[in-house]
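Here the structure comes first, spelled out in structure tokens, and everything after it is commentary.
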């Protein structure tokens, strides 16, 4: 790859690194935020939920706009929004203001992620070259997710939770300046279509209602009308979105995209990956601090090696594995490590939380499994899609990931309230994680077997 292409790849990857970092970085700072604003765990969780739902809910619009008005424009606008809202969040003096900026951060991230991936896929045209570039890009996202806990723990202890957000500002400022000069100019699009923003907004409100209703199910006896009303509203709004996708002249996205089995499986596995990994981040933070008695800084430092392991895996192991396995097979490889990590964490609950077992489980998930899963599913999601729909296809995949994260986190919190444990992280939570991994492995294995049967049939017919 030439120098200019490398610079473009790095800029796009840094943009997605910051967005992925911000999902994980807040976890170990939650006690500090609770203490300053005098709020409970159920309230502070909305900082994470709002971010991932706005991120996931507006990703499709971001991908559509990226394809229509230009990848570079959307990347620059998204990075600017994210930088300014990070500044606002870092300077917030009330929880309500912090929650507002946190939601708007998700909006900025929704514009950056699909445009960044679209820039990469349109810069690197050859299949092998493109897969390698997507691998680097996805690895930055995985490293951001994996390093967020360690960075957040250290910052919250030695600085303050404000700097968890303020750290984004100088990084994005430099990225914006360099991107303005180095990213390729957008091609003129003579066939511009209107973006169905109404469907996008209805979808976000519907998903917020669904998440709120799920989160508050434990209080259904005290607030039956509010909880049931939220769930009914969610169903009505999401049905309206589906109706608009089928009836409006220029829908938010074409449902015919889902004729590609690879895209369907990729989205389903991404949804499961979001539920698994965000759940893992939530649980490992509680386990290290509340069940094992470590400080936020100590917990963060323990997780630093896994960020390094993730980077080393992406650099030295992933390229060799990707030459021998296709994307779906590599997904099975990655999910096997996720399953192994979940099992090790479950074993630790029953054996007194030995540090070696806990850290080995975290290494399997954060250091190895996430890197392979994210890369494999990213490639799988676009492998059969036309080049003109790369931005939209990547948006659908990322949307599935973040919706899985928001809904999965609410479900896990609900289960913790319904079935309390003597530990902050009970066995049921980890069994849920293991169930997610088994589900993903089952879906990918079925897709592989089905693809093999199709190929065998084609060979038989041609012969």
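Placed from the backbone N, Cα and C atoms, the Cβ positions cover glycine too.
Lifted from TrEMBL, the feature list:
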DOMAIN    8-453  domain 'Major facilitator superfamily (MFS) profile'
TRANSMEM  44-62  transmembrane segment
TRANSMEM  74-93  transmembrane segment
TRANSMEM  99-121  transmembrane segment
TRANSMEM  133-155  transmembrane segment
TRANSMEM  195-213  transmembrane segment
TRANSMEM  225-243  transmembrane segment
TRANSMEM  264-284  transmembrane segment
TRANSMEM  296-318  transmembrane segment
TRANSMEM  330-351  transmembrane segment
TRANSMEM  357-380  transmembrane segment
TRANSMEM  401-419  transmembrane segment
TRANSMEM  425-449  transmembrane segment
Query raised in the report: Under a Cβ pair cut-off of under 8 Å, which of the recorded stretches 99-121, 195-213, 225-243, 296-318, 401-419 contacts the transmembrane segment (357-380) most often?
Result: 296-318
Query raised in the report: Is it true that the transmembrane segment (425-449) and the transmembrane segment (99-121) have 3 or more Cβ pairs under 8 Å, skipping pairs fewer than 6 apart in sequence?
Result: no
Report summary line: Sequence-distant residues near the transmembrane segment (401-419) by C-beta distance (under 8 Å, 6 or more away from its ends) are 23, 42, 45, 48-49, 52-53, 55-57, 59, 207, 210-211, 214-215, 217-218, 270-279, 282-283, 426, 428-429, 432, 436
Query raised in the report: the transmembrane segment (99-121): which same-chain residues, six or more beyond its ends, come within Cβ distance under 8 Å?
Result: 8-9, 12-13, 15-16, 19, 22, 46-47, 50-59, 61-63, 65-67, 71-72, 74-75, 77-83, 85-86, 88-89, 92, 130, 133-134, 137, 165, 183-184, 378, 382, 387, 390-392, 394-395, 398
